[in-house]
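Residues or ranges marked as ATP binding site in TrEMBL: LYS6, TYR7, GLY8, GLY9, THR172, ASP173, TYR178, ARG183, LYS208, VAL209. Sequence annotations record features per position, and here TrEMBL assigns substrate binding site to THR46, GLU73. Under the heading domain 'ACT', TrEMBL lists 267-348.
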Amino acid sequence: MLIVQKYGGTSMGSIERIHNVAQRVLESVKLGHQVVVVVSAMSGETDRLLEFGKNFSHNPNKREMDRIVSVGELISSAALSMALERYGHKAISLSGKEAGILTSSHFQNAVIQSIDNKRIKDLLEKNYIVVIAGFQGADIHGETTTLGRGGSDLSAVALAGALKADLCEIYTDVDGVYTTDPRIEEKAQKIAQISYDEMLELASMGAKVLLNRSVELAKKLSVKLVTRNSFNHSEGTLIVAEKDFKGERMETPIVSGIALDKNQARVSMEGVEDRPGIAAEIFGALAEYRINVDMIVQTIGRDGKTDLDFTIVKTQIEETKQALKPFLAQMDSIDYDENIAKVSIVGVGMKSHSGVASIAFKALAKDNINIMMISTSEIKISVLIDIKYAELAVRTLHAVYQLDQ
């Protein structure tokens, strides 16, 4: 098998841990696998380099910052390569550019456009373990670029797709994907396998194991993902297409997980002029500011006016205020509420089962939790509630769908 393994900053967080990662990689090699390793910078190193760069400019040049920040992964990859050689196996470190990762020219948030895998394949044929600096690549002009938040995961998935790897293992400091946050519900269970679509929904709600970009790319390239803990040998969670489910997951559970997102704000616009095109104008203005709108509720018009409520990411409130300034004269009032949370029920089994929403609404009502807004998709039901009831709602829904069993 050809396996791509990615180790995050915590896994690479010290000299001792880098040696442990080397031993982990060699375990796979001893089983007869070819291994390509993608590494993040040591824990805290990227932030340190960012702060270092800011010492020289109040508005740092993005090209130069990418050159500074990308050094963290170069150090990690070289260190791991040396550790592997110390333990008796040929290894070589490559930068993103040397690994053939071609990106757009958007410094600090580049997009991978293609990967030339020839050099990596040649090295694998010569029995090298190839250690690649994650989070980076180079544009058509050879300029170093970085891929933004979660960039090392993205590097690993893209490389797995380009190499047609049998598996892409993402090593972190948690055992896998859970039915909910174990810090909120101690009875949360590790999920053995989950679909790309379910993982996308959980990731969008703040599940910290993987970010959306990586799961989306894995789905597009049909890369089988496994999330594992680098500090133990637990099985982890397999993330695949529904058709590739194995064993007990052939009988799909109705609900796979409960997700909580506290980084939400509710925008309430009252007395908006009720005329054709007003909603398009408002949301068009928000789109120009790159504001992500989630849940939307519009009431039936009365006396030529309507009410419009929607949710945004809490950190985008100031941009939202700027975007909506031109519309203030066309409404009676506008309010921003940050004391809300979104709780979501996720599961592909919802497609073939009715009454899932009813169960949730009854359970929340029993706990006197008021629902402000509701949104649904084929595999997700989300409710907006007062933030003070957020964790209670998670525990209630986790229990009512028997996810603790």
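Just so you know, glycine gets a Cβ as well, placed from its N, Cα and C.
Structural mapping of features recorded in TrEMBL.
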residue	record	CB count, 10 Å
LYS6	ATP binding site	29
GLY8	ATP binding site	21
THR46	substrate binding site	22
GLU73	substrate binding site	30
THR172	ATP binding site	22
TYR178	ATP binding site	21
Nearest to GLU73 (substrate binding site) by Cα, among LYS6, THR172, TYR178 (binding-site residues)?
LYS6
Can you tell me the mean pLDDT for the domain 'ACT' (267-348)?
93
How big is the Cα-to-Cα gap, in Å, between THR172 (ATP binding site) and THR46 (substrate binding site)?
17
What is the number of residues in the domain 'ACT' (267-348) that are helix, strand and coil, as DSSP sees it?
29 helix, 35 strand, 18 coil
Whole-number Å distance between the CA of LYS6 (ATP binding site) and the CA of THR46 (substrate binding site)?
17
Alpha-carbon distance [GLY8 (ATP binding site); THR46 (substrate binding site)] in Å:
12
